[in-house]
């Protein structure tokens, strides 16, 4: 029986830097314009889908080159590997639910958990279309203003997990880990939201009165999840806001 499920964002959550921001800042229209574009997303005058597309369309570097650059530059949260290994030992599924691009996520995540373990992590994300000249564009997962409505993806998984419950069995505890605006819809689908300290998601949660628990690294997340599953603390006790 599955006692808990970890849903997590990827960029800026599993990674210490956001791969899409890095590509935009160094190969696209730069950090200043990116921040300007996302002001509109934060104040709801522009959809995440539109803002993200503007960022990516400013990058003209061939896709394989982008991957090589990211492999050298993007660091991964060292606590994630311990969390993943604990999850494997305790039959806790780990599902990456991302507004980024699957090929990038798969390459970077393989570097962290290893080729033999990557198939144990589900990745639900946008795809990439690459032409004969290695030019590329994002293919959004759905038609929503997010490009990928994470709440829909999470809801589908919840239905799958709960459909196998036997009489009297409790449903799993759903955890979500994130850092940005695109994580808000996902957060509302889960029992406990871990929001990265100092990032947009914390600001947004305070503005929208969404309960959350702040974290710095996955070491904090792992410690809190262990407390909940051991019955030492309730989800409500860990919530802030």
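Along the chain as shown, residues are numbered 1 onward.
Placed from the backbone N, Cα and C atoms, the Cβ positions cover glycine too.
Per Swiss-Prot, these features apply:
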type	residues	note
ACT_SITE	9	active site, nucleophile
ACT_SITE	11	active site, proton donor
BINDING	9, 11, 179	Mg(2+) binding site
Beyond the site residues 9, 11, 179: chain residues whose C-beta lies within 8 Å of the centroid, for Mg(2+): 10, 12, 13, 14, 15, 18, 98, 178, 180, 182, 183, 196
Spatial neighbours, same chain, of the residue listed as 'active site, proton donor' - Cβ under 8 Å, 6+ residues apart: 17, 18, 19, 20, 21, 98, 99, 100, 180
Recorded positions listed as 9, 179, least Cβ neighbours within 10 Å: 179
Assigned element (helix, strand, coil) containing residue 11 (active site, proton donor), judged by DSSP: coil
